[in-house]
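The next block holds one structure in the form of structure tokens; read it before the comments.
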Amino acid sequence: MVDVNRFKSMQITLASPSKVRSWSYGEVKKPETINYRTLKPEREGLFDEVIFGPTKDWECACGKYKRIRYKGIVCDRCGVEVTRAKVRRERMGHIELKAPVSHIWYFKGIPSRMGLTLDMSPRALEEVIYFAAYVVIDPKDTPLEPKSLLTEREYREKLQEYGHGSFVAKMGAEAIQALLKRVDLAAEIAELKEELKSASGQKRIKAVRRLDVLDAFNKSGNKPEWMVLNILPVIPPDLRPMVQLDGGRFAASDLNDLYRRVINRNNRLARLLELNAPGIIVQNEKRMLQEAVDALIDNGRRGRPITGPGSRPLKSLSHMLKGKQGRFRQNLLGKRVDFSGRSVIAVGPTLKMYQCGVPREMAIELFKPFVMREIVAKEYAGNVKAAKRMVERGDERIWDILEEVIKEHPVLLNRAPTLHRLGIQAFEPVLIDGKALRLHPLVCEAYNADFDGDQMAIHVPLSEEAQAEARLLMLAAEHILNPKDGKPVVTPSQDMVLGNYYLTMEDAGREGEGMIFKDKDEAVMAYRNGYAHLHSRVGIAVDSMPNKPWKDNQRHKIMVTTVGKILFNDIMPEDLPYLQEPNNANLTEGTPDKYFLEPGQDIQEVIDGLEINVPFKKKNLGNIIAETFKRFRTTETSAFLDRLKDLGYYHSTLAGLTVGIADIPVIDNKAEIIDAAHHRVEEINKAFRRGLMTDDDRYVAVTTTWREAKEALEKRLIETQNPKNPIVMMMDSGARGNISNFSQLAGMRGLMAAPNGRIMELPILSNFREGLSVLEMFFSTHGARKGMTDTALKTADSGYLTRRLVDVAQDVIIREDDCGTDRGLLIRAITDGKEVTETLEERLQGRYTRKSVKHPETGEVLIGADQLITEDMARKIVDAGVEEVTIRSVFTCATRHGVCRHCYGINLATGDAVEVGEAVGTIAAQSIGEPGTQLTMRTFHTGGVASNTDITQGLPRIQEIFEARNPKGEAVITEVKGNVVEIEEDASTRTKKVYVQGKTGMGEYVVPFTARMKVEVGDEVNRGAALTEGSIQPKRLLEVRDTLSVETYLLAEVQKVYRSQGVEIGDKHVEVMVRQMLRKVRVMDPGDTDLLPGTLMDISDFTDANKDIVISGGIPATSRPVLMGITKASLETNSFLSAASFQETTRVLTDAAIRGKKDHLLGLKENVIIGKIIPAGTGMARYRNIEPQAMNEIEVIDHTEVSAEAVFTAEAE
């Protein structure tokens, strides 16, 4: 059998009239749809069975031939072929138009393709097509210009002047068709190329545009006259169905109405032509036909849209494709699936990390086919029908079978919005009572789920391959690290943190202090019987824990610890050191010696000499998990996480921490602090009234005063807090709340934002314990409302940003092992002024070196070229005092349509080298988009006079960077490398002038008077350096410097925004996105190549075009790099399917059709649209057609890491 989906590429072209006829199964001549009495399709109508096929399987219209045995026979009575009814989704008809009609996409689009081909303005075209003017087609011997327009009156005058038949002029689409037929593509192209050599300015731009379109026609084999239709295809009837509603009425697709209008007008025109009606009547009918076809193809593109009942515009063919509800985004990129369900989620604290609880009723419905198969196999029922009845009856025996069926059959759980790949994970189902899905508490963070009524969807993978993938690649227990930064995403939260915090507290003088136990069991027994407290410091024999990595001098001794810490260390992986202190030294280097008793030493003496340790907080638990993962990988880590969870829940229950109003302390000197602030504000206002400061200065001073007062209260609160206060414990452990919540409960609420976003000068002096006055309450509602609306707007903005990012990078896949490039990226720590945004150590981890790294003092080679830098290696490099390293980077990768493994480095989600087939583009887009909601919306005011411009931050700044827009608050940059020799202020024009002396000459830059300078006289500056504060315009930087410096700048800018909000994102994700913005070049001079000047093309295509020319000794083309925003880059992608499904569908398809574009289906989106397996992961060609070997040929090696993909592919075969 031929697999219809195994094709290499897909092409779109203009349809020639002969092509349309070859598709068609007959002409639709009548506007009728179905007979309202018999409900059968009318002959020669829009639903005719003769043309489109039978409405019932294997049955002709009159009923003479029924059953499959007559397959392929055409009925002699009704003329209907006996076949499947499904052909009504495939067979097309056609309408023979009695007058040519222009296709609105090619005449109306921007730029008008018809206009460019004919070198006529769109307005002139419109006048001709809609019968407002004549156009001269052939002037013969008259002095008329070809393509010139004549009004009705001028036409008559010219006819009288030159005589009938002395020239040819027509109106309507036929005139345009005649002109298009006369276009000599080769001659026009040669002429334009000649003109381009001398032209400049507007004239050149126009010539380049025309050349582009004419060249497209020339190369694609499309004929320009096909932009005018003589024959109209009719799409299959099942794609524009009529459905009977209850009540006898019909709901029909709008397309039927639009087709009916076309047929009616076409038939009327045919009759008028037969009757030889007067020209003006025929003309009017032709114009109406043109409008009817326009409405069918794209209703509302020209003039008022045609409306149906209730003045609703009808949905035309174009609208069927466009937008979120269009064919692309609604049905092709995402479909509804069966074997799925959704329900509210509840917590499942007893589940293992790879399990989820599925309600019985839900499971029986989801796994019905599997259960039925088993029933038949066990011979409880004779056939599938009986088995189905058994399941529906709820027979007792089905539950045991269900248990068997779901064993080892993973299911997928998804929570909307799915912001990153951790939004869908696989679990093994466990049957439970009730109606809610049970979710493991640790995976909540990845899903961003909580149990206040969230719902989740469940899906069943059906095929063996799908099950294998779910189990090997998507199991929740495997997803411990977050792909965006490589940090653990499954850290314990809330109660689990609190329990472990309480467990690891230490306290002096509690019962049992100084007791010595032989092992853990004895200590636990003492604690259970009330002889020792959880927090008491006691001794334990080191030898009772022989597997721990003790130092030699620590063995056979007694160690001081607490009962709680004995329990805490009991759940740790054996090879981790015994944890006494919540710091990295203890975790990586081992337990400090001070906790061990020397022989004969008194334990109480040692205890008294030790400081009381702080307990383990959320951050410390995160570090322990990361270390565990680094050493033992997933299996051990997920088991450890489950133990940590159980211990945390158990002890937070025992601790029984609660919050009462008495737990909120009263600050003793609150009144003094507030009085002092009032006094200071009064002084400021007095100074303002005397005219000693401006209103802006006064506002800043007042708000600063209140802010300082609030901070003073906060400081006092921290100084006086009791570490055993439950609120303090919750806050300190990181379980819930932070110091700002605490200070609003106990200190003062402070300054509030007014509805316009400006901070009000009147602070709220009360705190929640004292209670707010009515006025204070009213003030605080402004901020609360603003917070809610901001969040709602931000979510939509952030979602749209993610969609654009995914679209631009979806075809970036790891394609090969090593691209062999000789370029690299020199990196150092990213700084913002004096602050370090991202350290060199962070940037080095998990990357490959480009050159070897040497110790700056000793010259010893720390690491060779093209080696992977591990976490420890990165620390070693930084400790040696190295400040910059050249690494392999996505920016400089030479792989086409993707990235190679060495330029990418490790996969942050697994901590191992990335595998070929990983869809790194999508992961990068999700990693940047997912934290988008955490970024702020507002544009900050830097306060008062000092600000020259508002610096954009947060989400708007990220959008500004990725869309390559000109930034707000733009910095002035220098184009000269040299020294700043002078900065002169010109008071009359309120500007400053900066002079930079370079080798090639002096650069003079005018800077606004208020701008804050970044340079001083005598400073050395590089090309592209900013002279003033603010953001550099990247397009400008690209003109002054090279591509790499723009990429480096954009990377640093994105990181600044995210890091300032406390969000960490791996550099490589930003690199992938930024690289996609710089994939194109614009051809400046084509040299000896056949490229067109001004064309935008992919860097790799441009290099290819030049390669052949250089080899044959010709002059290569020159080009200039182009920086594109992500939206523009998505639309300029080589795949027209991907671009059309993103935005501006009609424009993309119009352009692709004229060029006869081929889509080679390299990206993920294109393959999803046509229903092929995506070319990433196990779907890559190299993993698919694998020949299985016999088992005895394969060498079996113990303890080898096998990639999940390899395992799966072998199973799939």
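Cβ atoms here come from the backbone N, Cα and C positions, even for glycine.
Feature annotations, courtesy of Swiss-Prot:
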- CYS60, CYS62, CYS75, CYS78: Zn(2+) 1 binding site (BINDING)
- ASP450, ASP452, ASP454: Mg(2+) binding site (BINDING)
- CYS819, CYS893, CYS900, CYS903: Zn(2+) 2 binding site (BINDING)
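Taking the features listed in Swiss-Prot, we show where each one sits on the structure.
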residue : record                : contacts (Cβ under 8 Å, 6+ apart)
CYS60   : Zn(2+) 1 binding site : GLU49, PRO54, LYS66, CYS75, ARG77, CYS78, VAL80, GLU81, VAL82
CYS62   : Zn(2+) 1 binding site : CYS75, ARG77, CYS78, VAL80
ASP450  : Mg(2+) binding site   : CYS444
ASP452  : Mg(2+) binding site   : none
ASP454  : Mg(2+) binding site   : VAL344, ILE345, ARG415
CYS819  : Zn(2+) 2 binding site : CYS893, ALA894, THR895, CYS900, HIS902, CYS903
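Most Cβ neighbours within 10 Å, among the binding-site residues CYS75, CYS78, CYS893, CYS900, CYS903: CYS903 holds that distinction in the structure as shown. In three-state terms derived from DSSP, CYS903 (Zn(2+) 2 binding site) belongs to a helical segment.
Using the Cβ center of CYS819, CYS893, CYS900, CYS903 for Zn(2+) 2, the list of other same-chain residues with Cβ within 8 Å runs, in sequence order, GLU816, ASP818, THR821, ARG888, VAL890, THR892, ALA894, THR895, VAL899, ARG901, HIS902, TYR904.
For the Zn(2+) 1 site, the Cβ centre of CYS60, CYS62, CYS75, CYS78 serves as reference, and the other residues of the chain with Cβ at most 8 Å from it are ALA61, GLY63, LYS64, TYR65, ASP76, ARG77, GLY79, VAL80. Taking the mean position of the Cβ atoms of ASP450, ASP452, ASP454 as the Mg(2+) site, the remaining same-chain residues with a Cβ inside 8 Å of that point are ILE345, ALA449, PHE451, GLY453.
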